[in-house]
């Protein structure tokens, strides 16, 4: 199957390491809670959605490096919980380095960051050093009077970093006279399934959106040995990509129209459990071919989960500039795109798919109603999370 996911994040303005595999560290716990909380705030019952927790958190870590005092403490609490500051810094240093540019013929993961500040600010040399150390990035200055050219440059950069899947993320009127800082993050991921779906088995089937709405869509089918989890509320499968550590997780409510209830009750620990407690099973998998694309401002969602100081105008950014200067973030623009199909545009060779009939032990996973999905790296880093509704 082919899978391409892209997100771009624009901000206007793992882990406390554990020795026991499968255990949640303090930092794991905070980041999984951050992922779930943000998803809960953007989700709507009647709309598909996608976001990249990695993209958002990586950009917020830029803000964390610039902040001090109460503002820094607030970001530490949301991103790192009660973990040590050194662990939070080490986690993002590793994460940024690991995901900067991973590519092969069958998969590609590219994360890029950019820090922009309005001309005229005297930025501390210590912050410039941190930017180079963590992001291998230098600062970019912008001129409000030349914002048309600057917006064009930003959108061109995002388009290039997301393989032209996300275009025109911001408009010229998004930058006003109060805009001082822009923090940008773009993430692009594309890969093929380790065991691809056969196109000849893809058939149009009913997908039940709600009690009153149904549509016929292409549904892919495979019989495959994979990691499977089940409890009273959900079925979970993990489909591996050719990348050795990246998997797509499908979380299907057992109740046909139970997605909103499952998401409302979901915790970071639950998500971690679904990802890590799955066991090998032979499963008949039926999932839709689908595409989700959207742009949204995350400012309100971030405020609702407790990140408020950076938007208030009274936030403390003493690691960036002299504290007598008022700095705030106006918007948090985020765009995401995901496309799922049988095998992938980069794959040209025919693939043999095992179609195994083991009726005695085989499970059935039929995603014919709204579900959650996530793309996970190394069991702990959530690259993307979303829901498919229609």
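For all residues, glycine too, the Cβ spot is worked out from N, Cα and C.
Please treat TrEMBL annotations as automatic predictions, because they have not gone through curation.
TrEMBL assigns the feature transmembrane segment to one of the listed ranges (6-27, 72-93), namely 6-27. Checking the ranges 28-47, 48-67 against TrEMBL, the transmembrane segment annotation falls on 48-67.
In the predicted model, the domain 'Serpin' (36-390) shows an average pLDDT of 86. Panel annotation: around the transmembrane segment (48-67), residues 5, 7-9, 11, 13, 31, 34-35, 38-39, 42, 75-76, 78-79, 88, 92, 95-96, 99, 111, 113, 115, 127, 130-131, 134-135, 181, 183-187, 290, 292-294, 296, 298, 307, 309-310, 315-320, 329, 332, 334, 336-338, 381-390 of the same chain, lying at least six beyond its termini, place a Cβ under 8 Å from a Cβ of the stretch.
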